[in-house]
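Student: Found this in Swiss-Prot, in case it helps:
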- 4-106: domain 'Glutaredoxin' (DOMAIN)
- LYS21, ARG58, PHE70, CYS83, ASP84: glutathione binding site (BINDING)
- CYS29: [2Fe-2S] cluster binding site (BINDING)
Amino acid sequence: METIDKIKQQINENPILLYMKGSPKFPSCGFSARAVEAIIQCQVPFGYVDILTNPDIRSELPKFANWPTFPQLWVEGELIGGCDIILEMFQKGELHTLLKETATKHG
């Protein structure tokens with residue numbers, strides 16, 4: 001399977017998906033750690049892809065998404081953004097609302 005097809009499949013199969021460095025329990029960078037903590041606090045199920053163990057995705061996703069950095073949060077097939085946007089949405093209560101609505105819809 002081509003890397004782009006793999007990315008599309010991951011995004012389609014996971015209504016809430018975080019591309020990050022490391023895993024939710026063991027994030028490998030500060031940005032991923034802060035982003036995943038905000039998502040965990042929303043108490044919804046979400047998928048993740050560790051880009052450190054998937055170098056093909058690490059190199060192709062920024063081109064596909066037109067977003068150069070990680071982490072990247074995808075919700076219902078749309079890129080929401082990286083760490084700064086995730087944290088800003090979390091502080092405003094918008095992240096919780098978006099993720100709860102998405103989880104309920106796909107629950």
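Just so you know, glycine gets a Cβ as well, placed from its N, Cα and C.
Values in this document were obtained by computation on a predicted structure and should not be read as measured data.
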Student: Per DSSP, to which secondary structure element type does the residue listed as '[2Fe-2S] cluster binding site' belong, with helix, strand and coil as the options?
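Tutor: In the DSSP reduction, the residue listed as '[2Fe-2S] cluster binding site' maps to coil.
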Student: Taking the Cβ of CYS83 (glutathione binding site) as the centre, count every other Cβ atom within 10 Å, in any protein chain shown.
Tutor: 22
Student: If the glutathione binders are LYS21, ARG58, PHE70, CYS83, ASP84 per the record, what's the largest distance between their Cα atoms, in Å?
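Tutor: Per the listed residues, the maximum Cα distance equals 19 Å.
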Student: Restricting to the domain 'Glutaredoxin' (4-106), report the mean pLDDT as a whole number.
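Tutor: So the average pLDDT across the domain 'Glutaredoxin' (4-106) works out to 98.
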Student: Take the Cβ of CYS29 ([2Fe-2S] cluster binding site) and count every other Cβ within 10 Å, whichever protein chain it belongs to.
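Tutor: Within a 10 Å radius of the Cβ of CYS29 ([2Fe-2S] cluster binding site) lie 15 other Cβ atoms.
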Student: How many helix, strand and coil residues does the domain 'Glutaredoxin' (4-106) contain under DSSP?
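Tutor: The breakdown for the domain 'Glutaredoxin' (4-106) reads 56 helix, 19 strand, 28 coil.
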Student: Compare the Cα of CYS29 ([2Fe-2S] cluster binding site) against each of the binding-site residues LYS21, ARG58, ASP84 and report the nearest.
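Tutor: Of all the candidates listed, LYS21 is nearest in space.
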